[in-house]
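*Asks:* Take this structure, written in structure tokens, and hold onto it; I'll ask about it next.
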Amino acid sequence: MNQQQRSILIDLASRFPPPSGVQFSYGTSGFRTDASLLESTVFRVGILAALRSIQTGSVVGLMVTASHNVVSDNGVKVADPSGGMLTQRWEPFADAIANAPDPHSLVQVKMLNDCNAFLFLDYHRFLVAVSAMGHPNQQRLVFVLFCFVSFFRFISVSFIFNMGKEVLLDDFVKKENILLDGAPSSEVLLGRDTRPSGKLLVSASAQGATSIMGTTANDMGILTTPQLHWMVRSKNKGIEATKNSYYDQLLMSYRLLFDCIPPGVSDNNMFEKLIVDCADGVGGEEIEKLKARLSDLKIEARNIGAGVLNKGVGADFVQKEKIVPRGFGPSDFGARCASLDGDADRLVYFYILSDSDKIKLVDGDKILTLFALFIKEQLGILNGAENVKANNSYQPCLGVVQTAYANGASTDYLKQLGLEVVLTPTGVKYLHEKAAEYDIGIYFEANGHGTILFSETFLCWLDTINNDLLSTSRGSEQQKAALRLLATSKLINQAVGDALSGMLLVEAILLHWGWSIFRWNELYQDLPSRQLKVKVIDRAAVVTANAETLVVKPPGIQEAIDVETAKYPKGRCFIRPSGTEDVVRVYAEALTQEAADDLARSAARLVDQLLG
Ligand SMILES: CC(=O)N[C@H]1[C@@H](OP(=O)(O)O)O[C@H](CO)[C@@H](O)[C@@H]1O
Ligand SMILES: [Mg+2]
């Protein structure tokens, strides 16, 4: 980093001093906290995004959102050039840059100032000594001695103080081989959800990004988190990256799936409207845009922005509380309903049970199961095709990825279908990475965040098969199966979980089989479960292993949980530190709701006794 860049950066950074006494950590989903504490962090994440863009020679995204958190919170996360989450390798740097104590510590060796302080002390001593002497020879001697001592002190102090000290940005740039001088132009796409604090924070992040010379910050305005990820991915593939092109792609592929519905499928479900709770977040406005262009699906959007974001509404509320969200009531009994979260990257379905505020939740696990059944069916049809039999050297591998929060009944059901099911730690960065190892990888968190990833190899193979079938048996079920899979790969967001695209795929699959939400929900019965959270002094004291199903630290707690769990038939229980809140989460599952509640409460008590 040259001197000019250094001074621009220090000057800008000093306008965004970090709050005192706050330690930031790039958690499950970037940095998240009270919005008033975040200006310096988003500025610095802007710098990080610019450096990542320079390193990869690609467009990088920066999203200002706190998803399902309360409206006064905000957050920031980076989308890598693939459209996925920031590479985990850069997370320690994200922590370091967010926690650097002052602007100078980003680019300068602060310790030189300490050396100067030592020299000042010497100079002061020198003046005192000289003024006490009468003879000029004595004064000269003291002067020479002063010069010697100061010189050696400067050398040794500089050496000792700077030994092992790092200049954060310079060191990182060197280590990651980022060529700042003469680098090709770099670009960061910025986006935000509807939080009132978002505008100011985006402006700070833009200043951070452009403080790195040659970087352009392109503000995409208010959009859903998955839209920003989709735009980053598209732009890097040379595809137009606008909201319009996003909707074009979604609607075109939905239409293709609609046109491929097998003949004779019951249309019971077809004309019933879908009611969507938009969490009073960004999904509200976006779903209105989608609706305006959708002729084959009736959608009624509620909680589209007039109420308080995420308050008694949204996917997180519905999934955790299992009660009707604000704006819904007994008159909606029997309707097919869905909930998005504040930034529209989570989706759950539900229906209202009669005479109560209770709902039947159709969660991320059920969405995953629906997708898995559909893909499996299409692959089965395709395997029956002569062209595929003739070219059977390639067998696409389908894998399913869940976390420990997946309901045990869903995992059992998926395994019974003969599918390979893998568990990863919580956080889509882990699930996404694992799913990308398959030809077709389906991942979902129980809370409704997930997608289907298709490998390039599989898509090339599918394209060839589809072209062959087009010439030999156009319009056959086999050719339609190939087309359905191709359309699904375009409809479902390949960058990240996306409530809007996920919702269209759910709707297309329900239509494909003529299923109601009740039929879908009957695939398997969820085991009763309970989630609790416990406030602790230091959540980092809890260390887990085996995809968060075992506690390694503090010692003794896992054994105690095991003793409690053994008391309940089909009992399962685990604890883990949250990555987005200052709590330890407790999850329990058992044969009855009462048992699940008891087990969760006993585990929460253990956590409280040991760590509270
Ligand atoms: C139990 C639960 O729902 N945890 C959520 C929540 O993470 P925690 O680390 O549990 O706070 O927020 C994450 C980001 O949205 C999401 O990926 C994750 O699934
Ligand atoms: Mg979200």
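Cβ coordinates come from backbone N, Cα and C, glycine included.
Okay, so TrEMBL annotates it like this:
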type     : residues                                                               : note
DOMAIN   : 57-88                                                                  : domain 'Alpha-D-phosphohexomutase alpha/beta/alpha'
BINDING  : Ser67, Asp341, Asp343, Asp345                                          : Mg(2+) binding site
ACT_SITE : Ser67                                                                  : active site, phosphoserine intermediate
TRANSMEM : 141-161                                                                : transmembrane segment
DOMAIN   : 184-236                                                                : domain 'Alpha-D-phosphohexomutase alpha/beta/alpha'
DOMAIN   : 241-348                                                                : domain 'Phosphoacetylglucosamine mutase AMG1'
DOMAIN   : 363-515                                                                : domain 'Phosphoacetylglucosamine mutase AMG1'
BINDING  : Glu445, Ala446, Asn447, Arg576, Pro577, Ser578, Gly579, Thr580, Arg585 : substrate binding site
DOMAIN   : 543-604                                                                : domain 'Alpha-D-phosphohexomutase C-terminal'
*Asks:* How long is the line from the C-alpha of Ser67 (Mg(2+) binding site) to the C-alpha of Pro577 (substrate binding site), rounded to the nearest angstrom?
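*Replies:* Each residue's Cα considered, Ser67 (Mg(2+) binding site) and Pro577 (substrate binding site) end up 19 Å apart.
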*Asks:* If one looks at the chain holding Asp341 (Mg(2+) binding site), which residues at least 6 apart in sequence have a CB under 8 angstroms from its CB?
*Replies:* Ser67, His68, Ala279, Gly281, Gly283, Asn310, Gly314, Ala315, Asp316, Gly448, Ala499
*Asks:* What is the set of residues, excluding Ser67, Asp341, Asp343, Asp345, whose C-beta falls within 8 angstroms of the centroid of the C-beta atoms at the Mg(2+) site?
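*Replies:* Here the nearby residues are Thr65, His68, Asp193, Thr224, Thr225, Gly281, Ala315, Leu340, Gly342, Ala344, Arg346, His449, Ala499.
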*Asks:* Among the binding-site residues Ser67, Asp341, Asp343, Asp345, Pro577, Arg585, which have a Cβ atom lying under 6 Å from any atom of ligand 2?
*Replies:* Ser67, Asp341, Asp343, Asp345
*Asks:* Counting Cβ pairs closer than 8 Å, which of 57-88, 184-236, 241-348, 543-604 has the most of them with the domain 'Phosphoacetylglucosamine mutase AMG1' (363-515)?
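*Replies:* By Cβ pairs under 8 Å, 241-348 leads among 57-88, 184-236, 241-348, 543-604.
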*Asks:* So what sits near Asn447 (substrate binding site) in its own chain, CB-to-CB under 8 Å and at least six residues off in sequence?
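*Replies:* Correct list: Ala315, Asp316, Gln319, Arg346, Val348, Asp363, Gly364, Tyr405.
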*Asks:* Could you tell me what the rest of the chain brings near the domain 'Alpha-D-phosphohexomutase alpha/beta/alpha' (57-88), counting residues at least six beyond its ends with Cβ under 8 Å?
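*Replies:* Residues 26, 29-35, 38, 41-42, 45-46, 48-50, 94, 184, 186-193, 195-198, 201-202, 205, 209, 225, 228-236, 279, 308-311, 314-317, 341-343, 345-346, 428-429, 432, 494-496, 580.
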*Asks:* Which of the listed binding-site residues (Pro577, Gly579) has the least company, meaning the fewest other Cβ atoms within 10 Å of its Cβ?
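*Replies:* Ranked by other Cβ atoms within 10 Å, the binding-site residues Pro577, Gly579 bottom out at Gly579.
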*Asks:* For Arg585 (substrate binding site), what is the secondary structure state per DSSP, taken as helix, strand or coil?
*Replies:* strand
*Asks:* DSSP on the domain 'Alpha-D-phosphohexomutase C-terminal' (543-604): how many residues come out helix, how many strand, how many coil?
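*Replies:* For the domain 'Alpha-D-phosphohexomutase C-terminal' (543-604), the helix, strand and coil counts are 21 helix, 20 strand, 21 coil.
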*Asks:* For Arg585 (substrate binding site), just count the other CB atoms lying within 10 A of its CB, please.
*Replies:* 22
*Asks:* In the structure shown, with every protein chain counted, which of the binding-site residues Asp345, Glu445 has the densest set of Cβ atoms within 10 angstroms of its Cβ?
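*Replies:* By the 10 Å Cβ neighbour count, Asp345 comes out on top.
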*Asks:* Roughly how many Å lie between the Cα atoms of Asp345 (Mg(2+) binding site) and Glu445 (substrate binding site), rounded to a whole value?
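*Replies:* Asp345 (Mg(2+) binding site) to Glu445 (substrate binding site), Cα-Cα distance: 11 Å.
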*Asks:* Does any of Asp343, Asn447, Pro577, Gly579 have a Cβ within less than 6 Å of an atom of ligand 1? These are the binding-site residues; tell me which, or none.
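*Replies:* By the Cβ criterion, which requires under 6 Å to ligand 1, the hits are Asn447, Gly579.
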*Asks:* Compute the C-alpha separation of Asp343 (Mg(2+) binding site) from Gly579 (substrate binding site), stating it in Å without decimals.
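*Replies:* That separation, Cα to Cα, works out to 18 Å.
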*Asks:* Given the model, what does the mean pLDDT over the domain 'Alpha-D-phosphohexomutase C-terminal' (543-604) come out as?
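*Replies:* For the domain 'Alpha-D-phosphohexomutase C-terminal' (543-604), the model's average pLDDT rounds to 95.
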*Asks:* If you run through the domain 'Alpha-D-phosphohexomutase alpha/beta/alpha' (184-236) with DSSP, how many residues end up as helix, strand and coil?
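*Replies:* Across the domain 'Alpha-D-phosphohexomutase alpha/beta/alpha' (184-236), DSSP assigns the residues as follows: 25 helix, 15 strand, 13 coil.
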